[in-house]
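Record features, source TrEMBL:
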- 33-189: domain 'Sulfotransferase' (DOMAIN)
- ARG44, SER52, LYS169, GLY170, ARG171, THR172, HIS173: 3'-phosphoadenylyl sulfate binding site (BINDING)
- CYS152-CYS164: disulfide bond (DISULFID)
Amino acid sequence: RSLMPRTLDSQLTVEKTPSYFVTKEAPRRIFNMSRDTKLIVVVRNPVTRAISDYTQTLSKKPDIPTFEGLSFRNRSLGLVDTSWNAIRIGMYAVHLQSWLQYFPLSQIHFVSGEKLITDPAGEMGKVQDFLGIKRVITDKHFYFNKTKGFPCLKKTESGSLPRCLGKSKGRTHVQIDPEVIEQLRDFYRPYNIKFYETVGQDFRWE
């Protein structure tokens with residue numbers, strides 16, 4: 001609480017931490033703080049997410065094993081190593097079960113990471129509707145940054161400069177053997193289908 005900004009009764013306080021969704025203790029702790037908390041989860045194709053995760057780690061630790069080596073316990077048998085964090089995080093259906101023990105689905109909103117790039121205003125519109133607030137953020141707040149390859153915030157009325165995510169975002173992904181990608185797609189397929197069925201939303205990752 002001491003780390004949060006002071007807010008009025010009429011204001012919403014939002015906090016973001018990527019690891020919450022996959023941290024076993026998080027749902028209980030948040031529930032004990034406030035069972036009325038609304039939860040927003042950004043998800044993307046788990047294979048792309050894993051490659052992105054690896055690309056970021058590689059930039060900090062160039063001597064780590066190959067993506068393929070970390071992804072499989074035995075590739076010829078198709079045994080994926082679910083203990084590797086980059087793989088485990090994308091098993092959304094598994095992590096969601098921990099949250100549904102404490103929060104109803106109506107208090108959880110899932111944002112498509114792909115649509116956040118192709119239609120940022122549309123996705124932010126849904127977020128604002130979910131939070132029960134006026135749609136203030138619209139198309140006029142975004143522009144597509146060709147260098148980054150994703151949308152950034154335009155200059156606002158207050159006069160601040162355009163804002164883009166830092167240099168750690170938008171890196172070119174490491175090239176992965178298409179057969180490895182296909183094996184991972186096969187691995188994630190049942191988890192994806194279970195996730196779609198649970199949340200009632202098809203993210204079309206197939």
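Numbering starts at 1 and runs along the chain as displayed.
Even glycines carry a Cβ here, placed using N, Cα and C.
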Packing count at ARG44 (3'-phosphoadenylyl sulfate binding site) (other Cβ atoms within 10 Å of its Cβ): 19
Neighbours of CYS164 (disulfide bond) among the binding-site residues ARG44, SER52, HIS173 (Cα to Cα, within 10 Å): none
